[in-house]
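A short write-up of the structure that comes next.
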Amino acid sequence: MNADNPGPAATTVAAIAPALKAEILAEALPYIRKFHGKTIVVKYGGNAMTEEKLKHGFARDVILLKLVGMNPVVVHGGGPQIDEALKKVGKVGTFVQGMRVTDEETMEVVEWVLGGEVQQDIVMLINQYGGQAVGLTGKDGGLIRAKRLQMPDRENPGAFIDIGYVGDIEAINPAVVKALQDDAFIPVISPIGFSDDGQAYNINADVVAGKMAEILKAEKLVMMTNIPGVMDKKGNLLTDLSAREIEELFADGTISGGMLPKISSALDAAKSGVHSVHIIDGRIEHSLLLEILTEQAFGTMIRSH
């Protein structure tokens, strides 16, 4: 229950019985201690970015994590916003293996939407609720160095598909992120990388989040989606997946489309030492807090073994 979604009875924080308040705090306390001083990377996307109630709730949740001593780092997507902007200029987005085909005009739109409109909206909301957020792209402090992605052609082994200005991460320089964390700021990162000659590249936000979690030695990577987690072919939630099970789901086509880079990045992060990797339903209010601060099993956990 929360103040944003009142039922027939009063459900404001003030109306919650003292015993229940104490129970909520008691459940959260071990997790606050466990993650105090730790970096939590959050991939923020989907409905949580487009529905007003969820947007405001996310901003407050991130601030709370910071206030209790954690170091949240937000990596955001913006697919629906990019699609809408492309529609206005008469273009339709196309995808290959979950990656957006990005010609020169599309790249200009991506830069404007992600590095401008979407990022500024997130930063503004966090600051509006009393947090201190700073927006970054890959150019800031040399954060994300990228090169053109070579997309393997699955039907022609050894061949590659040209999908334009889509980036492959060459290196991440975490200095600017760590400096912001040390000064109590919340970094909000747009998934745009840059080559040494200044060419901008559109990078899948899941890929950036996974690599950022690895480089920052994050305790936890949480990916917010528009589904409950990873689903089997019958629509059942898979709550726990090992590397072997993920490979089987890739092979039989259960994981496809936009889930391919998401699950690949989650698995890579787990293999690289990120202690906890979860894919959760961002359509649920305060799902981020439920995942981090409660015992409730939520979404899909990705394991490296």
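Glycine residues also receive a Cβ, built from the backbone N, Cα and C atoms like all the rest.
Noted in Swiss-Prot for the protein shown:
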type: SITE; residues: Lys43; note: site 'Transition state stabilizer'
type: BINDING; residues: Gly78, Gly79, Arg100, Asn202; note: substrate binding site
type: SITE; residues: Lys262; note: site 'Transition state stabilizer'
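Apart from Gly78, Gly79, Arg100, Asn202, the residues listed for substrate, the same chain places the Cβ atoms of Gly77, Ile82, Gly93, Val110, Val113, Leu114, Pro191, Asn204, Ala205 within 8 Å of the centroid of those Cβ atoms.
Listed in sequence order, the binding-site residues from Gly78, Gly79, Arg100, Asn202 having a Cα within 10 Å of the Cα of Lys43 (site 'Transition state stabilizer') amount to none. If you take the C-beta of Gly79 (substrate binding site) and look for same-chain residues 6 or more apart in sequence within under 8 angstroms, you find Gly45, Gly93, Arg100. As a whole number, the greatest separation of Cα atoms within the substrate-binding residue list Gly78, Gly79, Arg100, Asn202 is 12 Å. Here the recorded positions are Lys43, Arg100, Lys262, and the one ringed by the most other CB atoms within 10 angstroms is Lys43. Within 10 Å of the C-beta of Asn202 (substrate binding site) there are 26 other C-beta atoms, taking all protein chains into account. Taken residue by residue with DSSP, Gly78 (substrate binding site) is part of neither helix nor strand, so it is coil. The Cβ of Gly78 (substrate binding site) lies under 8 Å from the Cβ of Gly45, Met49, Val113, Leu114, Val118, Ala205, each of these being in the same chain and 6 or more residues away along the sequence. Comparing Asn202 (substrate binding site) with Lys262 (site 'Transition state stabilizer'), their Cα atoms are 15 Å apart once rounded.
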